[in-house]
Every structure is written in structure tokens, then in C-alpha cells.
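Engineer: Below is a structure I'd like to ask you about.
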Amino acid sequence: MISYRNISQVFLEGIYDPVIGEMHLIGCRKVEIGGTGVERGLDCLIEVEIQYPSENMELTRITITSQRGQDDPLYFGPVSLLANKTPYQDHSLNQTGQDDPLYFGPVSLPRYQNHTLTVANRRTFEGILRILLLSGVIAMTWIQLHYMKKQTNVIPYVSIVMIALQFLGYSLPLLCGSEILFTSSSYDPDWCGLLPKVLEYAGRFLVLVYLVLTSRIFLMVYKYQNEPPRTSRMKHRWVPRNKLVLLSTLAVHTGVLIWLSVYEHPDMLFHPENGSYKTSAIHLQQIWMSILKDLAGVVQDFFLLPQIISNFLLQSNVRSLQKAHYMGLTLTRLVLHLYQYISNPFLDSKFQDSKFVSPESTSEFRKSAVVIIMVVLAVIVHIQQNWKKLSQWLEL
């Protein structure tokens with residue numbers, strides 16, 4: 001839910017410092033109640049600061065603060081926003097003649113003369129990186145498929161839930177029409193160029209190739225887990241408790257979904273004390289699409305979770321997954337998170353402490369926690385599959 005009751009226009013006036021690239025303004029908003037400093041129904045005790053990015057940065061920072069005390073009814077907490085930069089041009093906002101007493105000179109805003117080229121180059125780089133990462137994912141999947149063909153005895157121990165979630169994690173972006181693996185932080189108008197679009201289509205084709213390989217692995221596991229067992233003991237060990245694995249995994253991802261809805265998208269909540277109103281259907285759809293994108297990323301990050309649960313339930317130390325497979329996929333996700341960290345740096349403390357922060361800035365805690373959990377999951381799988389060797393080594 002979003003509160004629309006207290007939304008009001010703010011009239012701004014200030015100066016721009018071209019040396020440091022900041023604009024400092026005083027704002028006035030219409031209010032319905034009186035108070036200190038309120039003249040003609042306007043509260044002008046508002047300060048706005050706009051930090052324009054340099055040519056190689058992507059985000060403009062906007063800070064809105066109230067100069068009133070917290071006990072003042074017109075006080076509001078600091079508001080911090082991030083906005084993608086767009087190319088500005090010089091414009092004269094005054095149409096009067098120079099002899100007019102109200103005349104002022106042209107207002108010069110930052111111009112990004114090479115903005116189009118910068119965005120196109122970054123989009124091209126991200127497209128190449130996406131293709132390289134997807135090629136690595138396909139290679140690791142093919143290694144696992146080849147390993148299962150040679151070692152057919154390990155096929156029943158592969159978690160079919162893990163394979164299904166991997167398929168789901170990579171198919172969701174296609175269904176949602178979003179970018180593959182990661183969302184570009186670059187401003188993406190139609191004039192970005194032909195090459196980035198070609199790379200995007202190539203990435204989608206590689207995803208389809210990956211889905212075909214994953215489908216083959218899924219069918220192999222399903223066939224071996226459901227073939228008539230030769231002994232009851234083999235049935236007990238060969239058929240993983242898929243329902244329990246699925247329920248356990250869904251419980252974890254449901255918790256993640258709730259966390260994403262509550263903490264990453266607080267405007268989904270209803271705050272009766274603030275007089276909140278329902279969001280529009282379009283805005284609500286955008287929120288859920290964003291949540292689904294985040295959930296798809298979490299599913300890909302925690303792809304080893306079902307395999308760990310399955311190994312634990314079966315008390316199995318069979319090497320069902322090729323080491324290059326799960327280590328390679330984990331490394332791919334780590335590279336992806338590293339690039340996102342570099343390309344989208346965290347805000348400084350004065351933005352993180354604000355009452356509202358743009359959804360573009362995900363918390364540092366979440367990103368760090370996801371990376372740590374991915375590494376821990378890979379280590380757990382390695383320990384489970386090599387428990388015999390590790391136990392013998394520990395006994396020595």
C-alpha cells in the first residue's frame with residue numbers, strides 16, 4: 001500500500017554549483033494547517049540537494065529534508081532518491097528580453113555529450129558478459145549430463161526438485177520479459193544501438209539451450225527414480241523423498257518471498273495510522289513483477305538447497321553431482337553478484353539512514369548474506385559427497 005494523502009507538489013528555487021556538480025534548493029509545499037514559518041499556506045522550511053553524477057556514473061542522488069523539529073506537525077523524515085541519469089541539454093527558461101527587469105540568463109544543466117556512446121558501450125559489455133556467463137552455465141550443465149551418462153548409478157540420487165527449480169529460475173525471466181541473469185543499470189532507450197539488442201537475443205537463445213539440457217537431465221532422473229526396483233531396499237534408497245524435499249524447499253523460498261515483499265517492497269504494506277490507500281493495479285503489477293525477478297535470482301542462487309536436503313534425508317554420500325558442475329555454477333553466480341556490486345555501489349550512510357530509499361539500492365546485508373549462503377551451500381554439498389574420505393582423514 002502507498003499513502004497518497006500527504007503527497008503534495010514542491011516548488012523549488014536554488015543555485016547550481018558546476019564545480020562539484022550539486023544543486024542546492026529551497027522548497028515550498030502547500031499545507032492545510034498553520035505553523036511556524038507558514039506564509040500564504042506554504043511551508044518553505046524544506047531543503048533539497050541534488051547530486052549530479054559524473055559522465056561515467058549512472059545515478060543522480062536527491063535528498064529532501066525538513067528544517068523543522070520532529071515535534072512539529074509539519075515535520076517529515078528525510079527522503080532519499082536515486083534516479084538514472086538522462087542526457088540534459090542547455091535551455092533558456094526565460095522568454096523575456098534582456099531589457100526586462102525579470103530577465104535572467106540561460107540556465108545551464110550538466111550535459112553528457114558522450115552519454116549515448118557511454119550507454120551503448122556499457123550495454124554491449126553487459127551483453128557480452130551475459131553471454132559468457134550463460135555459456136559457462138551451459139558448459140557446466142553439459143558436464144553434469146555427460147557425467148550422469150557415464151555414471152548411471154548416481155542418477156537416482158540427483159534431486160529432481162533441484163533440477164525443476166533450476167529450470168524455473170531461468171525460465172521466469174523469459175516469461176516476465178525481463179533481462180537475463182541481471183538487470184542492466186544503464187539507461188536503456190531505443191537508441192542504444194543494434195549490437196546490444198543482438199546480444200540480448202543471443203542471450204535468450206542460450207537460455208533456451210540451457211533449458212533443453214536441463215530438461216534432458218530432469219527426464220533422466222525422473223526415469224531412473226521411477227523405474228521398477230529390483231529389491232525393496234533399492235527402492236528405499238533410490239527414490240528420494242521428493243515431496244518432503246519439495247515442501248522443505250518451498251518453505252524456505254516462501255520465507256524469502258515474504259521477506260522480499262515486506263522489507264524490499266514496504267509499499268506493499270498497509271499502514272492505517274498513515275491513512276494509506278490501495279495502490280493502483282498497474283503499480284501493484286510492477287511490484288509483483290519486481291518481486292518475481294528477485295525470487296528468480298534467489299532460486300538460482302540457492303539451487304543446491306534441494307540437493308542438500310535430499311542427501312540428508314537419504315543419508316547419502318554418493319557423488320551425484322559432478323564437482324565442476326556445482327562449483328562452476330556457484331562461481332558463475334558469484335561473478336554475477338560481484339559485477340552487480342561494482343556497477344551498483346551502495347549508498348553512503350546518510351542515504352541508508354533515510355526514511356525512504358529507492359528500490360534501486362538493495363541493502364548491503366542482503367547481498368553479503370546471499371554470497372555467504374551460496375558458498376556455504378557449495379561447501380556442504382562437497383562435504384556430503386566426500387564424507388567417507390573426510391572421515392577417514394579425520395581418523396588419521
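Positions of Cβ are set from backbone N, Cα and C atoms, glycine also.
TrEMBL entries are annotated by machine, without manual review.
Checked TrEMBL, it gives:
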- 9-80: domain 'DUF2921' (DOMAIN)
- 119-387: domain 'SWEET-like' (DOMAIN)
- 127-145: transmembrane segment (TRANSMEM)
- 157-181: transmembrane segment (TRANSMEM)
- 201-222: transmembrane segment (TRANSMEM)
- 243-262: transmembrane segment (TRANSMEM)
Engineer: For the domain 'DUF2921' (9-80), what's the mean pLDDT in this predicted model?
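Structural biologist: Averaging the confidence scores along the domain 'DUF2921' (9-80) gives 79.
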Engineer: Considering pairs 6 or more residues apart, do the transmembrane segment (201-222) and the transmembrane segment (157-181) have at least three CB pairs under 8 Å?
Structural biologist: yes
Engineer: Do you know the DSSP helix, strand and coil residue counts for the domain 'DUF2921' (9-80)?
Structural biologist: 0 helix, 39 strand, 33 coil
